[in-house]
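Participant: One structure follows; several queries about it will come next.
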Amino acid sequence: LTSLLPSSPSYRGLTLVLTFLSYASYHLSRKPISIVKSQLHPNCSALGPNPHNDSNSTTWCSWAPFDGDNYKELFGALDNAFLVAYAIGMFISGIFGERLPLRYYLSGGMVLSGLFTALFGLGYFWNIHVLWYFIVVQVCNGLVQTTGWPAVVACIGNWFGKGKRGLIMGIWNSHTSVGNILGSLIAGAWVSSAWGLSFVVPGIIITVVGIICFFFLVEYPEDVDCNPPLHHVMTTSEKDPEAVISNEGPLSLSGQSSVGHSKSPKEPAEEPEAISFLGALRIPGVVEFSLCLLFAKLVSYTFLYWLPLYIVNVAHFGAKEAGDLSTLFDVGGILGGIFAGLISDYTGGRATTCCVMLVVAAPMLFLYNHVGQNGIGISVAMLIICGALVNGPYALITTAVSADLGTHESLKGNAKALSTVTAIIDGTGSIGAALGPLLAGLISPTGWNNVFYMLIAADVLACLLLARVVVKEARGWCGPMARQRGY
């Protein structure tokens with residue numbers, strides 16, 4: 001069917017839709033565990049008397065091995081089994097992603113993700129009650145899910161130039177929140193009747209989407225005789241390697257440059273080699289943005305895993321109401337990602353945009369903890385604002401910034417770094433994603449105030465790590481202004 005599409009814009013639209021659906025399905029398949037936890041260890045006393053006369057246990061309705069007093073630790077083990085495997089696997093995934101066809105790599109990873117997601121749910125139908133089964137499935141799922149992010153970002157980077165990349169990727173990145181919301185709704189449909197289906201159905205969905213991508217996804221514009229995009233705009237200051245970096249200075253909104261097209265990408269040339277891990281680390285900005293994302297993702301994933309419980313404990317909502325209310329954080333994340341992309345495109349300052357949002361996020365987190373539960377209206381507004389400020393920088397770094405750095409001018413047109421750079425940045429961020437919920441679980445018994453102090457400190461550290469890149473961006477702006485004034 002792709003051969004029937006008439007033009008490059010049609011292929012770009014197809015790439016956007018397919019990669020959006022792909023990563024939304026990845027997140028859709030990750031979400032059920034947070035919904036099903038309440039069913040694995042519910043409040044049995046609310047269901048009436050114990051029908052098992054041979055036992056006086058108050059956990060008769062729980063699913064072993066999660067029926068003991070240590071069920072919170074076991075749930076934490078499930079979360080960290082996935083997140084740690086994901087963080088470790090991400091550093092390896094990008095290397096494979098540069099050396100294998102992206103379409104095969106992405107589709108294969110999605111089919112395997114569907115398999116392991118379904119296997120978790122089949123534990124219900126097979127009546128499995130041993131912890132190691134669920135831990136092994138989570139570890140395997142965490143490893144194969146690392147195929148998704150480097151592949152979809154590389155595909156988008158191959159088709160879209162730098163000019164409007166922030167806005168396009170800000171809108172496109174809403175797949176994360178869309179997947180979380182759909183995953184919550186789909187898992188919630190069966191959680192009370194047969195929780196195994198809460199995993200099996202998302203597993204089937206991601207498998208089907210993976211098969212669709214295998215047949216219809218186009219990896220490179222050159223594969224269908226389309227012109228590749230311009231990844232950076234040549235300027236006079238580009239001769240000085242210290243004058244500009246990947247995300248510095250005003251961006252071309254048209255994505256066109258006569259100088260940039262002086263070397264036709266279709267000219268016969270030797271196929272460039274994939275970049276090494278150390279070579280990717282030497283790209284200016286990769287280390288700074290990777291470490292920044294570690295702390296930004298720490299904050300985001302702490303909210304993802306602990307926000308419903310916080311709302312239940314502090315605002316005293318029911319579990320369902322708390323879950324519904326927590327989706328507003330994802331709604332704010334969609335708005336924040338779009339806003340961050342739009343502003344960074346207009347100003348040319350990816351790092352500055354992230355830094356400003358992180359600075360504002362710190363006091364907003366403090367306010368949400370102290371006044372966010374004083375009324376449903378305040379709670380809704382604060383959740384949306386905090387979601388926008390927390391997830392905006394996270395979304396910008398994992399999308400537009402990763403694509404910018406993976407097509408950095410120092411690579412001299414070699415686009416074989418996209419997957420590796422994306423994997424390094426998101427892999428480092430995934431370490432924070434694993435640490436955040438773990439630290440929240442350790443700190444929360446001492447009080448929720450201390451959890452929020454930890455999140456605020458992480459936001460400040462994320463901001464400080466970008467200081468050098470922000471200074472370079474500021475110098476990039478000040479240089480043209482000084483020349484205009486005759487200095």
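Yeah, the Cβs are placed from backbone N, Cα and C, and that goes for glycine too.
Grabbed the feature section from TrEMBL, which reads as follows:
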- 15-475: domain 'Major facilitator superfamily (MFS) profile' (DOMAIN)
- 74-97: transmembrane segment (TRANSMEM)
- 104-126: transmembrane segment (TRANSMEM)
- 132-160: transmembrane segment (TRANSMEM)
- 172-191: transmembrane segment (TRANSMEM)
- 197-218: transmembrane segment (TRANSMEM)
- 248-268: region 'Disordered' (REGION)
- 286-307: transmembrane segment (TRANSMEM)
- 351-370: transmembrane segment (TRANSMEM)
- 376-397: transmembrane segment (TRANSMEM)
- 417-439: transmembrane segment (TRANSMEM)
- 451-471: transmembrane segment (TRANSMEM)
Participant: Need one number: mean pLDDT over the domain 'Major facilitator superfamily (MFS) profile' (15-475).
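Facilitator: On average, pLDDT over the domain 'Major facilitator superfamily (MFS) profile' (15-475) sits at 81.
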Participant: To the transmembrane segment (286-307), which of 104-126, 172-191, 351-370, 451-471 is linked by the most Cβ pairs under 8 Å?
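Facilitator: Result: 451-471.
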Participant: Which residues of the same chain, at least 6 past either end of the transmembrane segment (104-126), have a Cβ under 8 Å from a Cβ in it?
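Facilitator: Sequence-remote neighbours of the transmembrane segment (104-126) are 22, 25-26, 29, 32-33, 63, 96-97, 133-134, 137-138, 140-141, 144-148, 151-152, 155, 194-200, 202-207, 209-211, 213-214, 217.
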Participant: Is the transmembrane segment (132-160) in contact with the transmembrane segment (417-439), using at least 3 Cβ pairs under 8 Å (sequence separation of 6 or more) as the test?
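Facilitator: With 3 or more qualifying Cβ pairs, these stretches touch.
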Participant: Which sequence-distant residues neighbour the transmembrane segment (132-160)? Criterion: at least 6 residues beyond either end, Cβ under 8 Å.
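Facilitator: For the transmembrane segment (132-160), the far contacts come to 11-12, 15-16, 19, 22-23, 26, 29-30, 33, 77-78, 81-86, 88-90, 92-94, 97, 102, 105-106, 108-110, 112-113, 116-117, 119-120, 123, 168-169, 172, 217, 219-221, 228-229, 231, 398-399, 402-403, 406-407, 415, 418-420, 422-423, 426-427.
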Participant: Same-chain Cβ contacts of the transmembrane segment (197-218) under 8 Å, 6 or more residues past its ends?
Facilitator: 1-2, 11, 14-15, 18-19, 21-22, 25-26, 28-29, 31-32, 35-36, 102-104, 106-111, 113-122, 155, 183, 186-191, 224
